[in-house]
Amino acid sequence: MKSNLSVKTGAKHNQTVGMLNDENHPTRTMHDENRPPLRKCCSTFLEPLCNNLLLALTIAGVFLGFFLGFLLRSSKPSVETIMILSFPGDILMRMLKMLILPLITSSLITGLAVLDPKSSGKLGIYALIYYFCTTILAATLGIILVQLIRPGERGNNAQVRSELLGDEPKADQITTLDAIFDLFRNMFAENILQAAIEQVKTTRGTEIVNLNGTAVPKVKFTTRYVAGTNFLGLITFCCAFGIAIGTMGQRGEPMLHFFVILNEIVMKLIKLVMWFSPIGIMFLVAGKILEIEDLLKLAQMAGKILEIEDLLKLAQSLGMYALTVLTGLAIHSLFTLPLIFYAITRRNPFAFYRGMLQAWLIGIGTGSSAASLPVTFRCLEETLKLDKRVTRFVLPIGATVNMDGTALYEAVAPVFLAQLMGRQLGIGQLIVVSLTATVASVGAASIPSAGLVTMLLVMSAVNIPAQEITIIFAIDWALDRIRTSVNILGDGIGAGILDHLVRSELGPPELEEGENTDRPVQTRTAARLSTARYLHSHDDDNETSKL
């Protein structure tokens, strides 16, 4: 009798242990089964909400920002009121931008220092191929859509005058060749400290020279520094610095440990800033909506210059232009990028998008891919569990170089403006627009509305007057945020693809970071890792030969 009882008890014990070890069959207690249906339903709803509380608060902040902005717009607040309302959002932007420089330097150096030159070279080649292909696809898609929809033909009878649209913007005389040379000049900064606050820009002008009593115009090139972080120069220097540390072996490990700890400190600061982001996003969106110029005032001013019929045509053209850009961005982000991701990784791209939702919302709120970079790191490394060596190499470069949404936008706008002027661009000019938009998107700064500045380069390539760009100023603020969010999704998809391609070659992760700050850093450089792996494989070969 005792033996039968012990057998039954042992069987129950084994069954209990098996259920505890089985993750797919969690234990169910009598208390859980006897809960009221209402309480069970509430727990089912609240548990995912608590697990994703920050994401839920960010989504609520975006919607509350739109609601608050349109609600207060009817009261016609003063400029001072708008400034006060936007103040929390300005603080959020400043905190995010404050973390960009230490994040880029520490992440690139630590990522490359633990990669052997072969892996880093292959990763760089894959990244450049992905960036070039997706940017060309985005620009080509934009040209195809603007040629099919032809939004500018609905308003090309309207004689758009500078009195209506404002004065001609002051634009520097610059060609495509100058822009390409400026990219290389910025890549190799002569002062790395100056690169943190300024970047090189070349302009060309003409001066009259007296030659043998004859006035002859002479082209004069001027290279000057303009305000703005030179991310290309910082990235080039950090890549070289990280690779050099990786080749120094044990002597370079103290410097590597410094940047590993710096990166960990920055990530902890990012987590703190993220809890302020819902409030900042709400007031940032509300303030931006209140800053939009009153369309009724624009219509009253336009009525004095244009006929009502022409004004309606111009408004219809702007609406179709916005629809063309949004359609292109939707196709690129919902079809082109997911198809590339699925074709290479065989994973669900929309499940990957779900993990990037936080960074996407921050991009819509801030309108800056650089300001969203800290959040993108957090989403890819902590939520989607990508290899830190890949994200630290790919994301800083992608936030500067990979601008799919900007390339599409800068390809659509010049063709739209040409249609509005009654001009038809030929095949050769469309190809020039596509290539110039690709180059200009690389040179675009990762700040709000930077695409308007580089778009002047694309317009000059097909001889479109600079003052025509003022037509699209009224709706650029909204399109800028959507294309920024597409840029962020393109960076994330690229990191996911590259992580899939090189994960098997990178080996086990050597970046030992986490919450346990009492443990000393054990990260080793690429040279020591290669030596250790060689000795380990050599020992395995010896053991095999002995057997």
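Cβ coordinates come from backbone N, Cα and C, glycine included.
Listed in TrEMBL:
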TRANSMEM  53-74  transmembrane segment
TRANSMEM  95-115  transmembrane segment
TRANSMEM  127-149  transmembrane segment
TRANSMEM  225-245  transmembrane segment
TRANSMEM  265-287  transmembrane segment
TRANSMEM  321-345  transmembrane segment
TRANSMEM  357-380  transmembrane segment
TRANSMEM  427-447  transmembrane segment
TRANSMEM  453-475  transmembrane segment
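If one looks beyond the transmembrane segment (95-115) by at least 6 residues along the same chain, the residues whose Cβ comes under 8 Å of a Cβ in the stretch are 123, 196, 229, 231, 234-235, 238-239, 241-243, 245-246, 252, 256, 259-260, 262-263, 266, 269-270, 273, 276, 362, 366, 368, 370-375, 377, 388-393, 395-396, 506, 510-511, 523-526, 529. Pairs of Cβ atoms less than 8 Å apart link the transmembrane segment (265-287) most often to 53-74, out of 53-74, 127-149, 321-345, 357-380. Under 8 Å from some Cβ of the transmembrane segment (127-149) lie the Cβ atoms of residues 320, 323-325, 327-328, 331-332, 336-337, 340, 393-394, 397-398, 401-405, 407-412, 415-416, 419, 430, 433-435, 437-438, 441-442, 490, 494, 497-498, all in the same chain and six or more residues away from its ends. Same-chain neighbours of the transmembrane segment (53-74): 85, 274-275, 277-290, 357-358, 361-362, 364-365, counting only residues six or more beyond its ends whose CB sits under 8 Å from a CB of the stretch.
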